[in-house]
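Trainee: Structure incoming, see below.
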């Protein structure tokens, strides 16, 4: 925690309409001493007010990290700054407020989807690519033991599409699945 | 300009055929086994007839092509990877003797760009290669007009065979093998379609685009390339349910080259159908530009070669 109180005067406070909102931020922490404290510091330092911390110590993510759910209050216009500060500090932010997912994108996976454990693929997409799978359509015209296709509708944080698809590509390489990504950039 | 054409495939023959219409003269044409050379202009019709009859374009030694008096070497031999030979040596020979070179052969420009530019710097001649990217579509001259610095990326469809296959698969709900066989029957796909469907052909073109944008630094081995062989009809169906389709899309920027099957809006500009090609140029100050048209074919590609010849300065 900062030793000195934040030197912010009243006129530097952004217009908030007097309103603050409650947000839930889901983090993934490395299982090391001091990690939780390190994760909370950027929240208070950027104008967030901690409401509660749910530290799921017994519940390990597929990557061996510990999920932590933090409820906080902040003026809406400062919330992005809090999430950015967390990411800048190297904290893995899984989910930041329900409305924070700025983009919905589709991706098509092709291969032995059932054989290679579709549900494990989906949970890896969620944990390793930081995306939420909102919807899944599966087409397996030759039966579930043959090549199948799946369309995933993903909710991802604004501006993170590049990293999300990099991670999905790596999962595809790992599981020998063809990944058909959306084309990003340019004007259609 | 007096043209010496090396390579008598579809493109080389069409260049010879159309040169007169563009105000140029063919003084030599060579294939791998023979040449027709005449400093006063060869009998183009006769040479093309011999070729059509299964013979060489002429009885002279192919090497005599370089000894005649010409202004522009048109390099239209088949694209080769790696050392890009014999195309590279042809270009080298022409530049070292202070002649211009116009390439339709992608190999040297994709695989040995910096060496080409170094040879050009020491020569009175210059090189142009519009025909290597997108056939008849003016892609490189558009970049030149925008200045390469103002173009941040190029994306699009630069392989008509792969695009035809994906279009038919989506429209008919057929699988890859069925449509490939149909494409081969129609002459849209070659007997060995490997380079078209595995993304290599498109990748060469996007490597050339990246070289133009970044002034060199790329070859085929720097590109991340995936083909369309593993795309089943079901993937296209799922894409369509979402208002999308799948196209073999290339991307070139100063950071790299990538080619692979991608989801694009079904009614978007990049979802061209059949053998059509399209290139989207992303510019710094003017949004996106789209150039679309026929990306292959003898006469189509020959128009790009002859436009290049027209842009060359007098020697």
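Every residue gets a Cβ built from N, Cα and C, even glycine.
A TrEMBL annotation is a machine prediction, not a hand-curated record.
When I checked TrEMBL for this same protein, it listed these features:
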ACT_SITE  B:205  active site, proton donor
BINDING   B:7, B:8, B:9, B:10, B:11, B:12  NADP(+) binding site
BINDING   B:106  NADPH binding site
BINDING   B:190  L-homoserine binding site
DOMAIN    B:138-309  domain 'Homoserine dehydrogenase catalytic'
REGION    B:288-315  region 'Disordered'
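Quick one: how deep are these features, and who are their neighbours?
Mentor: Cβ-based neighbour count (10 Å, all protein chains) for residue B:205 (active site, proton donor) stands at 28.
All protein chains shown were included, and the count of other CB atoms within 10 Å of the CB of residue B:9 (NADP(+) binding site) stands at 16.
For residue B:106 (NADPH binding site), other Cβ atoms within 10 Å of its Cβ number 25.
Contacts of residue B:190 (L-homoserine binding site) defined by a Cβ separation under 8 A and a same-chain sequence distance of 6+ are given as B:161, B:184, B:196, in order along the sequence.
Non-local neighbours of the region 'Disordered' (B:288-315) in the same chain are 1, 3, 9-11, 13-15, 17-19, 22, 24, 71-72, 74, 76, 98-100, 102, 104, 124-126, 128-131, 134-139, 141-142, 146, 156-160, 269, 272, 275-282; each lies 6+ residues outside the stretch with a CB under 8 Å from one of its CB atoms.
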Trainee: Might you list, by sequence position, any residue in that chain lying six or more from residue B:11 (NADP(+) binding site) with a Cβ less than 8 Å away from its Cβ?
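Mentor: Result: B:76, B:104, B:131, B:298, B:301, B:302, B:305.
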Trainee: Which residue, out of the binding-site residues B:7, B:12, shows the minimum number of other Cβ atoms inside 10 Å of its Cβ in this structure?
Mentor: B:7
Trainee: At a 10 Å cut-off from the C-beta of residue B:8 (NADP(+) binding site), count the other C-beta atoms across all protein chains.
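Mentor: For residue B:8 (NADP(+) binding site), the 10 Å Cβ neighbour count is 27.
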Trainee: Looking at Cβ-Cβ distances, which residues of the chain lie under 8 angstroms from residue B:10 (NADP(+) binding site) while being 6 or more apart from it?
Mentor: B:297, B:298, B:301
Trainee: Cα distance, residue B:106 (NADPH binding site) to residue B:12 (NADP(+) binding site), nearest Å?
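Mentor: Each residue's Cα considered, residue B:12 (NADP(+) binding site) and residue B:106 (NADPH binding site) end up 14 Å apart.
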Trainee: Going by DSSP assignments with H, G and I as helix and E and B as strand, what are the residue counts for the region 'Disordered' (B:288-315)?
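Mentor: Helix/strand/coil tally for the region 'Disordered' (B:288-315): 14 helix, 7 strand, 7 coil.
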Trainee: To the nearest whole angstrom, state the Cα distance for the pair residue B:9 (NADP(+) binding site) and residue B:205 (active site, proton donor).
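Mentor: Counting only the Cα atoms, the answer is 19 Å.
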Trainee: For the C-alpha pair, I'd like the distance in angstrom between residue B:8 (NADP(+) binding site) and residue B:106 (NADPH binding site), rounded off.
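Mentor: A Cα-Cα distance of 16 Å.
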